[in-house]
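Participant: Annotations for this protein, taken from TrEMBL, read as follows:
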type: ACT_SITE; residues: Cys384; note: active site, nucleophile
type: BINDING; residues: Cys261, Ala262, Ala263, Pro264, Gly265, Gly266, Lys267, Asp285, Asp312, Asp331; note: S-adenosyl-L-methionine binding site
type: DOMAIN; residues: 172-448; note: domain 'SAM-dependent MTase RsmB/NOP-type'
Amino acid sequence: MSKKPLRVRDVALSLLERIEREHAFSHILLNHTLNEKPFHEKDKALLTELVYGTIKRKNTLDFYLSPFIKKGIHSLDSWVRQLLRLSVYQFVYLDRIPLRAVVHEAVTIAKVRGHVGVSKFVNGVLRTFLRESLPTTEKLEGVEKYAIEWSHPEWLLEEWIHDYGFDEAKKMAETNLFPAPVTVRVNQLQLTKEEAKRALEEEGCEVENGHLSPDALLIKKGKIPQTKTYETGAITIQDESSMLVARLLDPQPGMKVVDACAAPGGKTTHIAERMEDKGEIYAFDLHQKKMQFIEEQRKRLHLTSIKTKALDARKLPDFYERCSFDRVLVDVPCSGFGIIRRKPEIKWQKKPSDLERLPDVQLDILEKASELVKKGGRLIYSTCTVRKIENEAVVRAFLERNHGFDWDEEAMKNLPTSLQPQVNQGEVTILPHHFETDGFFMAALRRM
Ligand SMILES: C[S@@+](CC[C@H](N)C(=O)[O-])C[C@H]1O[C@@H](n2cnc3c(N)ncnc32)[C@H](O)[C@@H]1O
């Protein structure tokens with residue numbers, strides 16, 4: 001038995017444990033580990049698959065394991081629980097790893113981490129699992145059954161089925177079980193899309209045009225942050241749906257623009273690119289420590305029109321003159337359920353009670369930031385969630401309370417033709433399966 005694959009599984013297990021116990025973000029831990037440890041490319045891919053796959057399929061894996069653990073999976077120590085999930089994930093979803101090798105490695109890990117008793121238990125559970133047929137959900141009904149088959153919490157599926165109907169909820173949940181694509185936005189101040197594509201191909205990447213945004217390239221193969229094209233500021237890694245926000249805002253060179261919740265600066269820098277870096281862009285974020293992320297991107301892209309400041313967006317009217325900005329973007333903090341493919345743990349970690357206050361906070365930020373919009377100016381509200389209560393409901397509440405604003409239907413014409421059938425007055429929702437992007441919501445309003 002080679003040592004390498006054993007190490008990958010051991011590292012995967014440690015990451016899974018930290019994600020569950022400390023509520024750490026999978027993508028941050030994983031990136032950190034991949035950059036720090038000298039893994040071969042093949043092992044990096046396996047580690048990523050094991051961590052994301054085990055988190056994404058948690059409900060299904062627990063269901064498969066349940067007949068074999070008398071006292072229930074939650075009676076086990078956290079690392080044993082994760083080890084069993086990790087092993088069953090490999091049995092069921094990966095076909096290139098021999099089943100016996102999976103058992104052997106799990107048992108060896110159990111011996112090292114625990115004691116002989118635990119390794120015997122792990123061995124027993126996994127061998128019995130392999131002898132029996134896979135448990136089925138036949139006897140289950142309704143959302144209880146879907147929560148296991150599509151591996152999402154029941155409450156979230158109930159909400160999606162209520163908001164979007166059964167078919168859309170099913171497609172969304174099933175899409176969330178697979179990896180998200182990597183896309184980049186071309187900085188057209190430096191290169192055309194064709195030029196950027198050629199430059200990336202010359203650096204060994206496989207590249208196609210994006211599915212939705214005119215600014216997007218889809219990366220099929222290649223390590224983007226390691227390319228010269230990235231380093232010199234010709235591209236930015238960004239999801240395609242997020243790339244539409246700057247188009248919707250449609251800022252012109254010379255304008256005064258506020259980005260009220262700006263870090264890490266993906267949309268701020270896009271706004272500057274679209275303004276040919278001419279004008280004034282004020283980028284705010286609540287957290288001082290996040291300002292460095294905007295600054296890093298600003299510098300990498302050689303942009304000079306962006307000014308950054310740590311500030312609670314709800315205090316904007318205390319510091320800036322009312323009705324003095326041409327464009328205001330309010331890309332609020334949200335539940336993030338449009339990006340479950342990139343951060344799968346959030347579907348398990350975030351509970352309805354954690355999210356209760358969000359719509360009030362979002363409305364508050366939107367109202368305070370809106371005070372800065374000048375007459376005839378544009379206000380964009382956006383989120384990377386698919387929860388209507390954080391999207392349509394917030395915008396409606398805003399319009400009910402702020403009669404000086406109305407839908408900006410003209411702005412919606414800046415969105416791609418393929419998205420037009422989904423546009424409703426001044427707002428649009430994109431679900432992950434529509435165009436293979438993150439789930440996203442945007443609304444365009446104007447001060448009359
Ligand atoms: C969805 S993220 C913004 C993403 C960013 N627009 C981009 O495209 O890169 C929301 C941001 O709002 C910030 N935030 C949360 N509460 C805030 C507040 N009261 N005022 C300003 N920013 C806030 C968070 O720190 C977070 O960085």
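Backbone N, Cα and C atoms are what each Cβ position is placed from, and that goes for glycine too.
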Participant: What kind of secondary structure is Lys267 (S-adenosyl-L-methionine binding site) part of, going by DSSP in three states?
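Facilitator: SS state of Lys267 (S-adenosyl-L-methionine binding site) = helix.
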Participant: Rank the binding-site residues Gly265, Lys267 by the number of other Cβ atoms within 10 Å of each Cβ and report the first-ranked residue.
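Facilitator: For the binding-site residues Gly265, Lys267, the Cβ with the most other Cβ atoms within 10 Å is Gly265.
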Participant: Using DSSP and three states only, what is Cys261 (S-adenosyl-L-methionine binding site)?
Facilitator: coil
Participant: What whole-number distance in angstrom separates the two most remote CA atoms of the S-adenosyl-L-methionine-binding residues Cys261, Ala262, Ala263, Pro264, Gly265, Gly266, Lys267, Asp285, Asp312, Asp331?
Facilitator: 19
Participant: What whole-number Å value do you get for the CA-CA distance of Cys261 (S-adenosyl-L-methionine binding site) and the residue listed as 'active site, nucleophile'?
Facilitator: 13
Participant: Hey, how far is Gly265 (S-adenosyl-L-methionine binding site) from the residue listed as 'active site, nucleophile', Cα to Cα, in Å?
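Facilitator: That comes out at 15 Å between the alpha carbons.
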